[in-house]
Amino acid sequence: MEIDGGNDVQILDPELLQLPGLSPVSLKENPHIAEELFSQWLSLPETGRLVKSLIDDTKSSTPVSVSKNCTSLNVACGSALPSVFLNSGTPPLSPRGSPGSPRFSRQKTSPSLQSPLKSVREPKRQLIPQFYFQHGRPPAKELREQCISMVDQFFSNYIDGLHMDEFKSITKEVCKLPSFLSSVLFRKIDTSGTGIVTRDAFIKYWVDGHMLAMDVASQIYNILRQPGCKYLRQADFKPVLDELLTTHPGLEFLRNTPEFQERYAETVIYRIFYYINRSGTGCITLRELKRGNLITAMQQVDEEDDINKVIRYFSYEHFYVIYCRFWELDGDHDFLIDKENLIKYGNHALTYRIVDRIFSQVPRKFTSKVEGKMSYEDFAYFILAEEDKSSEPSLEYWFKCIDLDGDGVITPNEMQFFYEEQLHRMECITQEPVLFEDILCQIFDMIKPEKENCITLQDLKASKLSGNIFNILFNLNKFMAFETRDPFLIRQERENPTLTEWDRFAQREYVRLSMEEDVEEVSNGSADVWDEPLESPF
């Protein structure tokens, strides 16, 4: 609305604000009279000019000051206000006072006589430090200067830049990252593929790109992921494993066997995704990477020459066990196994019903493109779940198998369905059978579920004995070992309390496989070998 600021009215007519004389009581009982008075005041030309002036100041972003505009308005209005209450007994108090008040003066106007807009002071604005950074928090000044100083020292002898084989010292000493990430980081900076990383290019990526201020997990995550992706795929880890195989002294013996190098890299990646990718999507998020222990394992493997001492993910012995167990089951060596192959696992330890559930792809969809066949990756997930039932990924894997109707709980009927085959197998080998009613009581005593008639996944995760439940239901050999309290297993647990079930299994299996390989080498050896005395292993 356009406010007319013309000068047609030079003098304020006090009669415009005249109302009949009212007593204070009458005014209190009739509040609409005060509203009418305010409406009349708004209609005055002087008021219009004041409002227009304030609007113009606001539009022009200039400080709002109404002292000039309202001085004459105050005077004119002040002379008119007493006539409103001509017949009242006692004049009401006014914030502007009366003409006779010593506070009222043309020459000097106190703050209380000015516009209410002026009297309300704006609170001082407090400077809130920036807490969101679209590209990450920039590094502190001292950290930035320290990093640049180190970079200058490294590049002082390489004015034209560093080649890939010269870049490893930057990765390890400046970036504080595992050395086998060097080639991936190099290519991340050298986007044009020149084969050289200059000082300015490194500063732009590592310092100006705020990589310096990130935690190690975020740094590795951003180095490995593809542009535009918010997750890590299996292929993103392949260059890292390739460099590890090329540079790590503990894997040097594999350099002449590229096939086994490839299998080792695949197995490590499968183990990483089995434990880290808890959502099962095949894509590792930054949150999952931070929650897992992969970063610690990567740092450890970079410092340890003996790869087998890094039992998380990278142990060659663990790879050897997984690969050899798969190879034993894969009779035709087409790198695929079927139900009949898997039923032989662990000396026919598993029941047909649980194998059917696995091949129904209930716990996990197969990556194999051949129907009814399990690939090496699928087997890696299976063996990790079977031999480490105390881990959460394993509990989730087997819980899906036992939960026949997929309602999120395991009922006594579902447990009985799987235990029936166990009971039949015990009868076949003349083993004294254990009735299901007794087993059910034992299971509920071990788990102590929140509800009496069913078991949830959370109930299993809260109990340290959960793995035994699945052994009771579908693994006869482990069930018998649990019932007899195998002294060998008990002694092994006491000797290495920090090891997981998988670690102990891999340790035993590697010894067994090594002994079998030694025997095979002896049997295929020369006549000279047969002449040497052999000590009995027992």
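Note that Cβ sites are derived from N, Cα and C of the backbone, with glycine treated the same way.
Positions annotated as Ca(2+) binding site by Swiss-Prot: Asp403, Asp405, Asp407, Glu414. Counting every protein chain shown, 9 other Cβ atoms lie within 10 Å of the Cβ of Asp405 (Ca(2+) binding site).
What Swiss-Prot records for 88-104 is compositional bias 'Low complexity'.
Swiss-Prot lists 107-117 with the feature compositional bias 'Polar residues'.
Marked as compositional bias 'Acidic residues' by Swiss-Prot: 529-538.
Taken from Swiss-Prot, the feature domain 'EF-hand 1' applies to 177-212. Helix first, then strand, then coil: DSSP counts for the domain 'EF-hand 1' (177-212) stand at 20 helix, 1 strand, 15 coil.
Sequence annotations record features per position, and here Swiss-Prot assigns domain 'EF-hand 2' to 264-299 based on sequence analysis. Note on the domain 'EF-hand 2' (264-299): residues 178, 181, 215-218, 220-221, 230-234, 237-238, 241-242, 245, 251, 254, 310, 312-314, 316, 318-319, 322-323, 364, 376-377, 380-381, 384, 391-393 of its chain, located 6 or more positions outside it, place their CB under 8 angstroms from a CB of the stretch.
As a whole-number mean, the pLDDT of the domain 'EF-hand 3' (390-425) in this prediction is 95. Annotation comment: Swiss-Prot describes 390-425 as domain 'EF-hand 3'.
Summarising the annotation, Swiss-Prot assigns region 'Disordered' to 88-120 (among others).
Among the features that Swiss-Prot reports, region 'Disordered' is placed at 519-538 (among others).
Of all Cβ atoms in the shown protein chains, 10 besides its own fall within 10 Å of the Cβ of Asp407 (Ca(2+) binding site). All protein chains included, Asp403 (Ca(2+) binding site) registers 20 other Cβ atoms within 10 Å of its own Cβ. Cβ contacts within 10 Å of Glu414 (Ca(2+) binding site), excluding its own Cβ and spanning all protein chains shown: 19. Report note: the Ca(2+) site is defined by Asp403, Asp405, Asp407, Glu414, and the residues of the same chain whose CB lies within 8 Å of the CB centroid of those residues, excluding them, are Ile402, Leu404, Gly406, Gly408, Val409, Ile410, Thr411. Secondary structure counts, DSSP: the domain 'EF-hand 2' (264-299) has 25 helix, 1 strand, 10 coil.
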